[in-house]
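Here the structure is laid out as structure tokens; the discussion comes afterwards.
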Amino acid sequence: MSKPLFIALDFDDQEKMWLFLNQLQPQSKLHVKLGMEMFYQYGPEIVRDLSAKGYQIFLDLKLHDIPNTVKRTARQLAALGVYCTTVHALGGKEMIKAAKEGLIEGTPEGKEVPKLLAVTELTSISEDVLRDEQHCSLSLADEVKSLAHQAQTAGADGIICSPLEVKAMKNEFSDDFMFVTPGIRPASYKKDDQARVATPSQARENGSTAIVVGRPITQAENPQVAYEEILKDWTK
Ligand SMILES: O=c1ccn([C@@H]2O[C@H](COP(=O)(O)O)[C@@H](O)[C@H]2O)c(=O)[nH]1
């Protein structure tokens, strides 16, 4: 899969989500990210419905629990046939390893095992919050790098971080390790609750494997135009 742009489908009901999707005219298969807001409301059925319509799905549930619980949950998620899914890297290496095992065990024969991505530090976390609330003595860049190495050792296929951290650590990882980056904001767009943001072209230059974009597309006056502009800036 070459350099995907995942649109975050953060809607409060599925009518709004389908209305949004049906008005878009992508030139190729659309990549979408489904998060907790929709999954907790509609469950696996919404994943199956999107899948049946041909969307490539990133199921972003950010699992964070004891290894046994995460493994058993990952087994269930694998059966849904999504492209990738997430855990929190702060859950520890044993938990990440358990998630990977669960995904492998739960994937139906002949199907591809979903990619496992570990969320390092949420893109809404700033350097100040990391220090004052999480009481972490590392810089954000070093903390993200440390969590990325732990995730890789534990068997994750990639991480979630901000595009701002990718450049400094990319050469320490194998070429197929994925750096999936939310916190994407076109230059003229507000940050909202994101603390560490970059434009699509900055993400590309820094080496992101994929970007995740929500509000700058879903809340745009003309989502098709916003999608095309962001895609152009990401892939040019
Ligand atoms: O560190 C993270 C991890 C996940 N996200 C998710 O990405 C989208 C971003 O949406 P925007 O509207 O473009 O801000 C959203 O679904 C988050 O849950 C993240 O932002 N940061």
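Using the three backbone atoms N, Cα and C, a Cβ is placed for every residue, glycine included.
Heads up, TrEMBL stuff is auto-annotated, nobody curated it.
Listed in TrEMBL for this protein:
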{"type": "ACT_SITE", "residues": "D60", "note": "active site, for OMPdecase activity"}
{"type": "ACT_SITE", "residues": "K62", "note": "active site, proton donor"}
{"type": "ACT_SITE", "residues": "K62", "note": "active site, for OMPdecase activity"}
{"type": "ACT_SITE", "residues": "D65", "note": "active site, for OMPdecase activity"}
{"type": "BINDING", "residues": "D10, K33, 60-69, T123, R185, Q194, 214-215", "note": "substrate binding site"}
{"type": "DOMAIN", "residues": "4-230", "note": "domain 'Orotidine 5'-phosphate decarboxylase'"}
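The recorded positions near ligand 1, defined by a Cβ under 6 Å from one of its atoms, are T123, chosen from L61, K62, H64, D65, P67, T123. Here the candidates are the active-site residues D60, K62, D65. The one whose C-alpha lies nearest to that of G214 (substrate binding site) is D60. Same-chain residues at least 6 positions away in sequence with a Cβ under 8 Å from that of the residue listed as 'active site, proton donor' are, in sequence order, M36, T86, V87, H88, V119.
For D60 (active site, for OMPdecase activity), the nearest neighbour among the listed binding-site residues (D10, P67, T123), judged by C-alpha distance, is D10. In sequence order, T73, G91, M95 are the residues of the chain that are 6 or more apart from D65 (active site, for OMPdecase activity) and have a CB within less than 8 Å of its CB. Between the binding-site residues L61, H64, T123, T123 has the most other Cβ atoms inside 10 Å of its own Cβ, all protein chains included. For D10 (substrate binding site), the Cβ neighbour count at a 10 Å cut-off comes to 17, with all displayed protein chains included. The Cβ of P67 (substrate binding site) has 18 neighbouring Cβ atoms from other residues within 10 Å, across all protein chains displayed.
The Cβ neighbour count for D60 (active site, for OMPdecase activity), using a 10 Å radius and every protein chain shown, is 24.
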